[in-house]
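Summarising the annotation, TrEMBL assigns FAD binding site to 33, 34, 231, 419. Annotation source TrEMBL lists substrate binding site at 336. Residues annotated as domain 'Amine oxidase' in TrEMBL: 13-442.
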């Protein structure tokens with residue numbers, strides 16, 4: 001049995017960052033990761049197809065986009081020396097009000113709604129802002145029992161604006177609006193600084209992908225990282241924690257769990273939680289998301305006056321955006337299928353068949369002859385056994401009232417991961433913030 005000061009479970013950005021912070025402060029650390037790689041829901045891949053234009057190009061199969069307000073991510077990007085690419089918004093975006101609706105073109109600087117719909121969307125945002133200001137006061141419990149779908153019915157005047165906001169929730173939460181509470185919606189927005197701040201959350205991406213950030217942190221940790229080591233049991237005694245994998249046991253004074261909450265059960269952690277917290281974790285809802293990246297010989301959408309951005313609530317792909325490098329001749333489209341759309345596309349289990357379905361759908365939406373991609377990947381994160389969904393998982397209605405202390409430490413067990421963040425929850429920035437908090441809590445634990 002090995003003995004260290006701190007065991008960290010999960011080598012995503014949260015676990016890697018927490019482990020490094022503790023190691024830098026002089027603690028001995030063991031970072032256990034179930035996968036054969038580090039990064040968690042961060043995963044970059046180099047393309048090496050026969051087509052010479054793609055050779056050496058990197059795409060992100062997982063978390064990719066970064067906003068100017070993401071200061072922790074920005075610092076790491078600068079430290080690693082990665083290349084920022086500002087996302088292009090030139091051209092018109094495509095909007096489908098529903099999967100039966102006719103596609104319409106809209107400017108990227110405005111809402112794809114009628115005048116009445118825009119006015120309604122504005123008053124919805126005003127009401128949400130007012131409820132955000134009152135979130136820590138009375139009334140939060142009632143909002144926790146109210147689904148986000150029902151909440152929108154109460155504050156929207158037009159079906160058009162309500163559908164638009166429902167699409168926003170399902171795209172960002174990767175969950176149906178009737179599966180999360182109004183409180184969950186407001187808590188998420190509060191962690192981002194409101195809807196206006198969230199709009200800047202996908203301002204840029206990295207030419208080298210986000211994977212090198214995880215690799216950089218792992219390199220700092222060296223042999224402290226143990227791969228292919230899923231945790232099967234956790235025991236806590238008065239002054240230590242014992243963490244068991246299939247092949248080894250690790251003794252530590254403190255444990256940081258930095259995995260998605262839906263994995264707590266598999267590592268035998270649930271029996272250690274108080275009843276009210278165990279019940280909320282058992283009801284956690286992993287997000288459903290399939291991310292598809294298509295690489296084309298050219299940016300054909302630019303020739304049609306399009307930006308590559310698409311909003312299509314309820315369609316096979318909810319959203320799309322241009323992720324092309326200005327230095328490359330190729331065009332890269334990133335498409336997201338979330339909530340019910342992710343579940344529908346996920347029923348096609350063969351990756352090549354998913355790409356075929358998406359191409360067929362794209363051609364029907366644009367009504368144009370779109371060339372075949374020269375490379376493509378489609379990743380169903382719900383089918384990843386050590387993620388079981390993305391971008392993050394969510395409390396079911398009633399979960400905030402039932403366990404306001406959900407991620408508070410239990411003895412010598414601490415919690416990290418983007419789901420536990422208090423700022424930029426569900427983003428990479430949130431994962432890093434959670435690592436700061438967990439590492440500091442360990443340092444101050446007697």
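Every residue, even glycine, has its Cβ placed from backbone N, Cα and C.
Automatic prediction, not curation, is the source of TrEMBL annotations.
Note on the binding-site residues 33, 419: the fewest other CB atoms within 10 A surround the CB of 419.
For residue 231 (FAD binding site), the same-chain residues that are 6 or more apart in sequence and have a Cβ closer than 8 Å to its Cβ are 9, 32, 34, 243, 244, 245, 266, 267, 268. Sequence-distant neighbours of residue 336 (substrate binding site): residues of the same chain at least 6 apart with a C-beta under 8 Å from its C-beta are 171, 289, 290, 291, 292, 317, 318, 319, 320. Under DSSP, residue 419 (FAD binding site) is assigned to a helix (H, G or I) in the three-state scheme.
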